[in-house]
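These features come from Swiss-Prot:
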DOMAIN    58-231  domain 'FAD-binding PCMH-type'
CARBOHYD  Asn276  N-linked glycosylation site
CARBOHYD  Asn280  N-linked glycosylation site
CARBOHYD  Asn316  N-linked glycosylation site
CARBOHYD  Asn380  N-linked glycosylation site
SIGNAL    1-17  signal peptide
Amino acid sequence: MLRQLYQSLALVAAVHATGIFANGVDIESLFGPYLSPGTEIAEPTDADFSTVASPRWSEWKPPTWTGAIKPKTERDLQKIVRIAAAHNLPFMATNGGHGTSLIYGTVKGIDVNLENFNSVKIDIEKNTLTVGGGTKLGDITEPLYNAGKAIPRGNSPCVGVIGATIGGGIGFNTGLFGLGVDALVEVRLVTATGDIVTVSEKRHPDLLWAIRGAGANFGIITEATFRMSDQPNNGDAVIGSFVYPAEGALAVFEELQSLDYVLPADLGVQLSIAYNRTINASELTVDMKHFGPWDTFVPHWNTAERLKPIARTIKNVTLVELYAGLDGPCQSGVYVSGGTTGLGRTDPQTMKEVMDEMTAFYEAHPGFLGQTLFQRYANNNTLKTPLSTAVYPWRDTKNFWLHENIYTDPALEQPSIDLLLSLRKKLQATSGFDEPHIYVNYAFGDEGPAAWWGADNLPRLRRLKRRWDPKGLFGRGTPIF
């Protein structure tokens, strides 16, 4: 199944990529005369290509860029879309460069770097935050903190705000505020015709429904507006990190199971399985982010201590400090592939089997640097929002499993993929769900649209795709088909 999907997508990409580049037309001549001063254009052979193209987090199956454009204005984006469409030139708008779907490896086209669309505007009177298409999560942390406001958001500061949101938008504060898509109230969108439309609950509400979960498939979002909430605990938080040996992991997994129905909204928990090469043993780390006062964190600390950690770190921090410390995915230059499945229940024995399989893999492959994460965020507020408001379907997910294969030796590619698929199969079998719940931002790429957006949503989603993007210009990483 994986090989067939990959081959069919590669064929589609090859068909779209033929034509103008094969005829030797360069993008400077094609686009340059129509774009504003300050717009940068580069071919892959140009010395400045790496500064014009968006930097990419992972070396695994990257797109093949036939050129790069860094536009200055919204009008530039309109012209880029129109010219590219007229000449059958594939392109992709990029910001953080964090997508790791295997489908990206089939993409061949122009990188449209949104770096110049980095803007943050807070309107206290309207209680909204508006960001540009090139804004990263790290850019909004301090302005929101200073304003005493918050939005549901992803974690890592180098990830794009809009990209993280339009796939769903989960993070440590999901328990308090729900999903990012639920706070998204309006976008400005460059469509497949090069027109700009404002999309909101009053204007094109059907399209807003689709953007809330599958937004990359419908155009280039130049600006997005979010409804804000008041900042929790005056912008202060408590973070705790507890490390456990492999032999104590089952007890930790059983404790996580006890949180299936009682996780407090102000507590985000992440478990990570990794390998300590110094002592040659797997370790389980429990990271807690508590968006409340110290005294309400103490019971969670006591529980963590009862499980006998071998190391711990506990600190009072501001929200600015909390998010600045989540910069792990900001490192680049290595091969990273990822995969996921959503869990509706915690099965301690399966999680222990995952850790055992990871340990065996670490020992067999000393160059493997990857990790497996279990992200547990309360979903009470997520469930309060009706399913009908967004194409994002998996509100009943309690635990987001994210596996990251990380390595520098390309020879580890296939063994690490085999590991990912094996772990995914194990976890899916005891997830409590009959159908895979795939958080599209974490997708490996072989799961398909029904797993990303729900089979019941596909007829409506496909109709909207045919209406707004009939030639399939957008959404090349996780396409609607």
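Using the three backbone atoms N, Cα and C, a Cβ is placed for every residue, glycine included.
Remember, it's a predicted structure, so these values are computed and weren't measured experimentally.
Structural mapping of features recorded in Swiss-Prot.
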{"residue": "Asn276", "record": "N-linked glycosylation site", "DSSP (3 states)": "strand"}
{"residue": "Asn316", "record": "N-linked glycosylation site", "DSSP (3 states)": "strand"}
{"residue": "Asn380", "record": "N-linked glycosylation site", "DSSP (3 states)": "helix"}
Rounded Cα separation (Å) that holds between Asn316 (N-linked glycosylation site) and Asn276 (N-linked glycosylation site): 27
Site with most surrounding Cβ atoms, counting all protein chains shown within 10 Å, from the glycosylation sites Asn280, Asn380: Asn380
Model confidence over the domain 'FAD-binding PCMH-type' (58-231) (mean pLDDT, whole number): 96
Asn380 (N-linked glycosylation site) versus Asn276 (N-linked glycosylation site) - Cα distance in angstrom: 35
Cβ atoms near Asn276 (N-linked glycosylation site) (within 10 Å, other residues, all chains): 13
Alpha-carbon spacing, Asn380 (N-linked glycosylation site) to Asn280 (N-linked glycosylation site), which is rounded to whole Å: 40
Cβ neighbours of Asn316 (N-linked glycosylation site) where a neighbour is any other Cβ within 10 Å: 13
